[in-house]
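Here is the structure we will look at, set down as structure tokens.
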């Protein structure tokens, strides 16, 4: 700030017309020309207020609105020495305008208000004040979004002679960042929708191909900036209200710094920004960069080599290696979140101790893999049990089928051998008897083999080979081992009267048909475990039933033979 010295008083012999006016309030100047006003919004960017006691220009207190209305003229005021106009120097009225009038006037060079305005501009401009006429002196930039030209807005004239009209004052007074959206809306209306869509597509493709970033769309409701930051920090854009509240609280706590960048009343600005539908701009970005201690990078569509480089970066107070908060700026009015899918950034900047980005996702992945493996192992064990059960059932069915076929084959072989030994002279009754016995034995075998094939399999190897030698029977082949597990034949009834006498035993057709049945009594006296038979009691009942049936069949055959024999010739 430049402190201007006081103007020295003129010597006593000076022209009284050039003497400064006496102390006290100065009457308003005639509305003949544009006045000079010291305005601006208390931004500390060149706007200032005069010191009423010292007569020098000082800094305006922060967070205070610009003064309205004419300023009184105490001694040492700025306009006392800067705007002193000799009486009668103004030749005529001058129309009000927003730019300084040309120097000089009808009253002669150096004698009109032009010279005074030039001197005022030269003196006040050194303090950083923008001088205007008829409306006029405005300082301080207005907030705009990234990519906007930060044009300065003119505040209404204060303490001006012949200030601007009320319409101009109403237009000049407004929000600190309203020009951002006014200019953006005008630009959007002027752009072709097809061109905008094509640019957005190219922008998204360039970020994905060159940086590997993905643009995540945010809801367009005025809180898009806070939604994008919430998505970057919390992973959920619906937490934008929390982000906005923290940001506004941070701005209020640091009002002595951030108020320098606001042209309106800072408290009014904060209260307006607390609304959920109010847009955010670069002041909030800087606050959030400091609040989360993460840089904020803003990407926007552009041409050339900088198409995928951030157009603006806001840094925090402390430098670190954390991933920045990335947002994209679209159509000069909307923000989206730019996500790096290869690096986790959620939770960074929240001040959580020992927090590692992505560690929660890794733990969840490990738990999911472990659960999946356990489920897969249990499923495989169940499938193995099912396959094992089917294999056992298949083996039992195969063993049962082999035992049945082996026993039937043994019966066929024995019948064939008996036919060869019997010869053609044997009666037909023996063949019929053996056939019926074979059928009965087959039916009895099916019932017997339908029980437990495992018990029969225990006798796969003969435990008494000497028994086969005594009986005159050769051991069966391995394929017919199970067929010998039931030695008693149904053709040999245990209660038949034909075996009661020793003489009948030699001439019986059953004995001649089955020579091995002579040892039936010996075999029946042996333990069933020798043949692998544990259900011997059931077999005895079956054998007795078959014996009774055989006896009835033999009796019927004898009766038929008696009826068929012709009566003897009496002649």
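Don't overthink the numbers, they just go from 1 along the chain as shown.
Cβ coordinates come from backbone N, Cα and C, glycine included.
The feature active site is assigned by Swiss-Prot to 221 (among others). In sequence order, 276, 277 make up the list of same-chain residues 6 or more apart from residue 221 (active site) whose Cβ falls under 8 Å from its Cβ.
Neighbour list (residue 334 (active site), Cβ cut-off 8 Å, at least 6 residues apart, same chain): 218, 220, 224. A strand conformation is recorded for residue 334 (active site) in the three-state DSSP classification. Here Swiss-Prot flags 334 (among others) as active site, drawing on a curator's inference.
Positions annotated as compositional bias 'Pro residues' by Swiss-Prot: 11-30 (among others).
Swiss-Prot lists 32-47 with the feature compositional bias 'Gly residues'.
Here Swiss-Prot flags 63-75 (among others) as compositional bias 'Pro residues'.
Positions annotated as compositional bias 'Low complexity' by Swiss-Prot: 84-97 (among others).
The compositional bias 'Low complexity' feature in Swiss-Prot is assigned to 430-443 (among others).
Residues annotated as compositional bias 'Low complexity' in Swiss-Prot: 450-462 (among others).
Feature annotation from Swiss-Prot assigns domain 'OTU' to 213-341; the stated evidence is sequence analysis.
For 64 (among others), the entry in Swiss-Prot reads phosphoserine, with the evidence type experimental evidence.
According to Swiss-Prot, the phosphoserine annotation covers 165 (among others).
Residues annotated as phosphotyrosine in Swiss-Prot, with experimental evidence given as evidence: 175.
Marked as phosphoserine by Swiss-Prot: 177 (among others).
What Swiss-Prot lists as phosphoserine is 328 (among others). Counting every protein chain shown, 25 other Cβ atoms lie within 10 Å of the Cβ of residue 328 (phosphoserine).
Here Swiss-Prot flags 337 (among others) as phosphoserine, drawing on experimental evidence. A 10 Å cutoff on Cβ-Cβ distances gives residue 337 (phosphoserine) a total of 22 other Cβ atoms nearby, all chains included.
The phosphoserine annotation in Swiss-Prot covers 375 (among others). Under the three-state DSSP scheme, residue 375 (phosphoserine) falls in the helix class. Counting every protein chain shown, the number of other Cβ atoms lying within 10 Å of the Cβ of residue 375 (phosphoserine) is 10.
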Query raised in the report: How does the model score the domain 'OTU' (213-341) in terms of mean pLDDT?
Result: 89
Query raised in the report: For the domain 'OTU' (213-341), what does DSSP give as the number of helix, strand and coil residues?
Result: 57 helix, 23 strand, 49 coil
